[in-house]
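Written below as structure tokens is the structure these notes are about.
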Amino acid sequence: MNDFIKLAPIKKIQGTIHLPGSKSISNRALLLAAQATGTTQLTNLLDSDDVRCMLDALRNLGVSYCLSNNRKTCEINGIGGPIQSKNNNQLILSLGNAGTVMRPLIAALSVQTQNIVLTGHPRMKDRPIAHLVDALRQGGARIEYMERNGYPPIRLYGGYYGGEIFIKGSISSQFLSSVLMMTPLAYRDTLIKVDGALVSRPYIDITLSLMKIFGINIQHDNYRVFYCKGNMAYQSPGDYLVEGDASSASYFLAASAIRGGTVRVIGVGRNSKQGDIYFANILESMGAKIAWGDNYIECTRGADLNAVDLDVNNIPDAAMTLAITALFSINGPTILRNIYNWRVKESDRLAAMATELRKIGAEIVEGYDYLQITPPFKIESAYINTYDDHRIAMCFSLVALSDVSIIINNPKCTDKTFPDFFTQLSSISVLQ
């Protein structure tokens, strides 16, 4: 198999995309269902590397489930409480580069007494977890760094009981989400106080919404203080439909705004809890035409696209798609602000995007927490490194909407969240 894909110039985009399930929702729902009382059937589950990591980890921890042949429906038999390893000896779980598995499991496995090592891909060992570990230790958790302080791999001994804890919100919302999902299963109540700015707040809304579906309602004071009752139990909702991935929708909506035609993405709509649906509003402000339904978003190319200057902290994944969309704007630089957390994702996305955008001719200013993109007079064909990062691969595929081809290395990295991305893109593309 080739370790690259060459995308020919695309003349027009037109069609309908059925979105894969949301990665963030899939892995949260799996973890909550595993700890709930009763059996839960999840449908439209994402079939991807990250979700397989969560499923493998849960099986190794003694959770039983039945997965359909297409891996999109999963029936989970909840254990009715916090997860505890059935292995009396040390258990080692390797979690790839899946932050939506590593961070929540650190918290979930900090309640019961056990001896579990969590490790993963080399890049995972560069992704910080100190803010999460510090918060859990305040509540009694015994956690040991095995190599570098502040980073995986780690050893978990359990011991979290509750109390008042402080957690920093400036690096990743996954830290707060992970603690929130664990606290109902602790022995005592937990009062969580957020220290500093809270990034990617819509992901907290996803977490709180899912917890409510599983029977736990968390009160908070403007996202600064969270009041979490302990000694509670999650209750299975029975059936739960995982909505489509709004981050994945961004590529197809942007493609339509650039080279439409009309594209309809099915699986998310006006009532979605995912912050990345706001990307459609940004496209509209840039000149695209947007229509909303309960279960779809539709984009039609309108006027030439305008540049934007935005704080995109609440949509960190879809904001990457904006960086590529900016190449096709007509009136000056686009500036994406408050994106430091790009640096601690699957790659240092800020540095990676700057490097690869320069290859195709864009004038780039890379700041500590911002990116300024001035479109080139003519986009140049290039060989794009993806840094084993699915979102970089999918973003740069949109360069083919110009009049040049683009070569994407390691296209299989999209297996992390969207295994058939290139097939789906091809299905709505008319080549030049």
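Any Cβ shown, glycine's included, is placed from N, Cα and C.
Annotated 3-phosphoshikimate binding in Swiss-Prot involves LYS23, SER24, ARG28, SER172, SER173, GLN174, ASP317, ASN341, LYS345 plus, out of the candidates SER200, SER285, the residue SER200. Of all the Cβ atoms in the protein chains shown, 25 others lie within 10 Å of the Cβ of ARG28 (3-phosphoshikimate binding site).
Distances between the Cα of LYS23 (3-phosphoshikimate binding site) and those of the binding-site residues GLN174, ARG391, LYS416 are shortest for LYS416.
The binding-site residues in question are ARG127, ARG391, and the one with the fewest Cβ neighbours inside 10 Å is ARG127. Cα of ASP317 (active site, proton acceptor) to Cα of ARG391 (phosphoenolpyruvate binding site): a span of 8 Å.
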